[in-house]
Amino acid sequence: MPKRTDISTIMIIGAGPIVIGQACEFDYSGTQACKALKAEGYRIVLVNSNPATIMTDPDMADRTYIEPITPEIVAKIIEKERYAAPGGFALLPTMGGQTALNCALSLEKMGVLKKFDVEMIGATAHAIDKAEDRELFREAMTKIGLDTPRSHHVKTLPAALEALDDIGLPAIIRPSFTLGGTGGGIAYNKAEFIEIVERGIDASPTNEVLVEESVLGWKEYEMEVVRDKADNCIIICSIENIDPMGVHTGDSITVAPALTLTDKEYQIMRDASIAVLREIGVETGGSNVQFAVDPSNGRMIVIEMNPRVSRSSALASKATGFPIAKVAARLAVGYTLDEIANDITGGATPASFEPTIDYIVTKIPRFAFEKFPGSEPILTTAMKSVGEAMAIGRNFAESLQKALRSLETGLCGLDDIEIEGFGKGDDMNVLRGALGTPTPDRLLVVGQALRLGMTAEAIHEASKIDIWFIERIAEIVALENKVKTYGLPEDAENLRKLKFAGFSDSRLATLAGLEEEDVRKMRHRLDVRPVYKRIDTCAAEFASPTAYMYSTYETPFIGSPANEAQPSEKNKIVILGGGPNRIGQGIEFDYCCCHACFALADAGFETIMINCNPETVSTDYDTSDRLYFEPLTNEDVAEILDVEKSNGVLVGVIVQYGGQTPLKLAHGLEQAGAPILGTPVDSIDLAEDRDRFKRLLDKLGLKQPKNGIAYSVEQSRIVVQELGLPLVVRPSYVLGGRAMAIIRDQSDLDDYLLGTLPSLVPSEIKARYPNDKTGQINTVLGKNPLLFDRYLTDAIEIDVDCLADGDEAVIAGVMEHIEEAGIHSGDSACSLPPRSLAPETIAALEAQTESLAMALGVVGLMNVQFALKDGEIYVLEVNPRASRTVPFVAKVIGSPIAKIAARVMAGAKLVDFDPLDTKPAHVGVKEAVFPFARFPGVDTVLGPEMRSTGEVMGLDTSFDAAFVKSQLGGGTKAPREGVVFVSVRDADKGRIIPAVRLLKEVGFSIVATGGTARYLVERGIPAQKLNKVSEGRPHIVDAIKNGSIALVFNTTEGAQALADSRSLRRAALLHKVPYYTTLAGAVAAAQGIRAYVSGDLRVRALQDYFPPSATK
C-alpha cells in the first residue's frame, strides 16, 4: 500500500541524555527514522535534549528542538508546530526509548493529542499501555495461551507483602514503565524485599510494581520481530543470553543467532513472538519479545515485550544488517514490508525477506563499578552496564575472543583471572561461589575454573550457564594448554586454527612466552592473514554492494579463503572510532567520528570506519563508504590498513576523534608506516608528558598550578611534602579522570596510595609480585607516573575549544563552568558564552589557547582547561584532540566544527570556511546526567573523577532560562513552590544568602540546620531549624521521605561532615528531590527557578536561532 498522504508533518521524540539503559542506540534509531521519513517528503519536527546526538544536527529534521523532553514542553512545541504547515500532524514515539513512550502516553492522557488533532503512529496509546502495564500484559498473554511467571501487581508495600506470601522468596520485583529495570531487583530475604519494593514504587511513574516468581537460572532468549499493517511478520534475528535469568539482558553476554535451541523449539518461540505482537496490537514497526525457558522441563514463559525499537533492536540491526528503525519508520506511514527495498542488498531483496546470517555475533557489556566506590559488582535485574562491544566471527570461539578484546579493559581474549580466596583452602567451594555469583567477569571465571580442573558439568551446575557454551570455552582452554606446552605451531595450517579460535597475537605471545611482534612476524611469514566477509542479510545468496565487513581466519574445505573486502582505487581516509561507551568516553566522540565521515565524503574522499560499538550511528552501514566492525587494537587495525593499502591511496588515519582509544594506537600505527592525519603524535605525547609540557608552558610564559611528578609510592610522599596540601592527584594517560582524587590530608594520601592505586594494577604485574603491593604499584608508576597539582580552592574553571590548521588557530567557544574547579569538567555544568568573565579575561584565555595550539602544531581540534583564581589564569590541562564539549559548542554557535576540523586534517585551511560566531546572542548551558540511582550505597557528591554518563543542553536567550531548561532536560523536577532545605559549610554561608533570598522572594519557605538557620535569621531571612540526622528525629531525611522538601542545598567540608550528610543526599536522590552539593550550583539553580516561577519557558527551534545557511 502507498505511503499516507493525509499526514504532512511527523514529530519524532528522542531519548534525551545517555543514561544506563538508554544509550546511543536511540540516536542511531532516531537518525535512521529522520532520514527515512524526510526522504519520503514528510516535514520532520524533532525534540531531543541531548546536543551530542547526530539526530539533533539541524539538517536531520526540518525543525530541531533541543528542549527538555517533558510533557509540558513537548505540548508547547506541538502547539507551535501543529498549524505551521498544512496537512495532518503525527507523533512517532517509538524511536526514543522509554523516555519517548512515557512522554507520548502523558500527552495522550493530558488531552494534548486530541486538542491539537495529533495522531500517534508506530504504536497506539492502547498498545503501549497493554505492553508496558504489567497487569494488562499478563492478561493479554493468558488470553492467547502463553505462559507468564506467576505474579502480583501491587501499588503499596502491604499489598506487596501479601503477594510475597503467595510468591515466596527469592522474588523478582519489576517496576512498571521504567527504563532498564530501574528500581527493580531480586529479593532473597524479607528485608531486601521491602527495600526493593519501596524503591520500585518510587521509581515507577505510575507507582506500580510486579512481584514475580523467581525464574533464576532459566535460559533467556529474545526475538526481534517486525510486523506491518497487512499482518506480514518477520523475525529479524533470535538472541540468546549466555547469562541465565536473573541478570538484566542489557548486562548479559548475548549471542545471535540463538545457539542452543532445537529447530522445533525455535519455531515454537517464533510463533509465540508473532502472536504477542498481534495481541498487543503492534501493527507498524519493530518489537522485542523476551522469553525464559526452564532447562529442566522445557517450560517456556513470556517475560516482557517492548512495543518500540530498543537496545536489542540496535544490536539485531548491526548483527544482521537489517535496518529495523528505518523500516519501522516507513511502516508507520503506511508501507508494507514487501513494498520496502532492502538497501544493503541494493534492492535485490525486499524488507519482507527474513534475514539469514552465516556467522556468530557476540555482545559483551562494559561496566564502570570502579567509578562508584561502595557499589558491589554484582549483576541483577536492574541494568548497570554503561556500554557494550560487539564482535563477529565464523564460530563462537572466534566471535567471543574478539568481543572480549573489543571491551578495552586490558583483555587480549579469554585471559587468566585471579579468583579471590582461591588457594587458601576449600578451593572447590570458592570456585562454586564465584561461578554462582553473577559478576561482569563470570565468563572469565568459567575459563579459569576449567584451567583449574573443574568439569564442565560442575561449572554448569554452579553457574546455570548452558553446558554447550562451557564446552566451547573448554575447547579454547585446551588450545591454550597446547600452546603453553609445545609453543606456537610453525606451520600455517595449525597457526590458522589458533587464529580461527579467536586468539589474538598478544594472547598467543603471552601463552608461548614470546613478544607480540614475534607472533606477528611468524604469522606474516606463513601468510596467515585474516580475510574479510560482508554482512548482507542474505548469507551471500545475493551480491551485496554494501561494504559492511568483519574479519575471520576461516579456511574453506577447498581452495584458499576468499576476501570480500574489494578495496577501491579511490583516495581513502580511515577514521578510528571510540569503541564501547564508558564513563569519560561516550557519544560525544562518536558524534565527531560521524561528522568526519560526512565532511570527508563531501570532499570526495572514500571514508572507512573501524569501530566495534553496536549502539552508535558510526557503525550504521551507510554512515561511511566502508565499515569494518572490528576490535580497536593495533593488530586488528593494522590488518585492515594492509588490505586497504593494496588498492587506491591511503591518505591517512584520523586518531583524534575517538577519545583515548585511537590515541593509544597512534604510536604503533605510525611505526607500522600508517600516515596519521592532523596533530603530530609527538604533540599529543608532549601534552601528556608532565616535564615536557611544563617546559613548553615556561617557554610560552604561561602559568600552571604548582605541581610534581612521582614514579613510586615513596616519591609520592616526598612530592606531597614539597607541594603542600590540598592537592589533586591523577595517573598519567587517563580519560574521564579515572582514579583522580583530591588529597586534603595524610589519611587521604594513604587511602589513595594503598586503596585506590592497587585497583589499577594489571593482573600480570600482580602475578609477578604476588605478595608485594608496593612493588606492584611502583612497577605501574614506573611507566605511568602520578601527577600532583596544587588544588586551587574556589577557582573558576573554564574550557576553551579551538580549531587550528598549522598556520592559524580559531577559537570555537569559551565555556565557564558552573561548579568550581576540582569538579571533573565532564561532571560540571557549563555556560557558553561565559556568564561572569570580564572581556579582558576572555581575550587573555583566547590568546593563551591560540599560542598553545601554534606551539603544539595542532591540526584539527584542541581543548584547553583553565582555572581563574584571584585574577590569575592557570593552565590545568591541554588535550590536542576532539573533546567531549565539541557537539555542545557546535550546537550553540551554529557551526559544524568537527566537520571543519576533519577537512583541515585532510589538507584544507581555516581561511576556506566561514568565520565562527563565538559570541551568540543566546546562551547554551550543558549539564551532566548521573547514574547514582543505579548504585545503592554510593555517595552522590561530585569530585575530580568523572561519573556522569551523558549530557543535556538548555538553550535560551538568558542564562537563567537556559539553566533551568538544562535541569529539566536532565530529569530534575524544578519546583515552582515549596520548602527549601539549606545546610552549607561555614565558608559558603555568606555567599548562599543571595540565592536563599531570591527563593524566598518568589514564594519558597526555608528550613535549615541549626548553624545555617541562625545565620539566615540574623540576616533577616526567616528560616526554621530542622535536625541533622545525627541530632535525632524527626530529621531532614524524614522530611524528605514525607514529601515535605522541594529542594536541597547541601555543601560540606571534611570527611566527617561528608559522611554525616550522606544519607541526606541519598534520600534526595531516591525521592527525586532536586539537590545541589556545590555553592555555585545552588546559586545557578535559584536563578533558574526564579525564571521558571516568573513565567513560562519559551521553545525555539535551532533553525530559528540560526538561518539555514549557518547550519550547513
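Quick reminder: no glycine exception, Cβ is built from N, Cα and C everywhere.
Heads up, TrEMBL stuff is auto-annotated, nobody curated it.
Quick look at what TrEMBL lists:
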| type | residues | note |
| --- | --- | --- |
| REGION | 1-408 | region 'Carboxyphosphate synthetic domain' |
| BINDING | Arg134, Arg174, Gly180, Gly181, Glu213, Val215, Glu220, Gly246, Val247, His248, Gln290, Glu304 | ATP 1 binding site |
| DOMAIN | 138-333 | domain 'ATP-grasp' |
| BINDING | Gln290, Glu304 | Mg(2+) 1 binding site |
| DOMAIN | 694-906 | domain 'ATP-grasp' |
| DOMAIN | 972-1112 | domain 'MGS-like' |
Between Gly180 (ATP 1 binding site) and Glu304 (Mg(2+) 1 binding site), the C-alpha gap once rounded to whole angstrom: 12
Cα distance (Å, whole number) from Glu304 (Mg(2+) 1 binding site) to Glu213 (ATP 1 binding site): 14
DSSP-derived helix, strand and coil totals, residue by residue, for the domain 'MGS-like' (972-1112): 73 helix, 19 strand, 49 coil
Under 8 Å by Cβ from Gln290 (ATP 1 binding site), counting only residues of that chain that are 6 or more apart: Glu220, Tyr221, Glu222, Thr249, Val302, Ile303, Glu304, Met305
Entry from the binding-site residues list Glu213, Glu220, Glu304 having the most other CB atoms no farther than 10 A: Glu220
Intrachain C-beta neighbours of Val247 (ATP 1 binding site), sequence separation six or more, cut-off 8 angstroms: Asn241, Leu379, Thr380, Thr381, Pro438
Cβ contacts of Arg134 (ATP 1 binding site) (under 8 Å, same chain, 6 or more positions away): Ser151, His153, Arg174, Ser176, Glu208, Leu210, Glu304
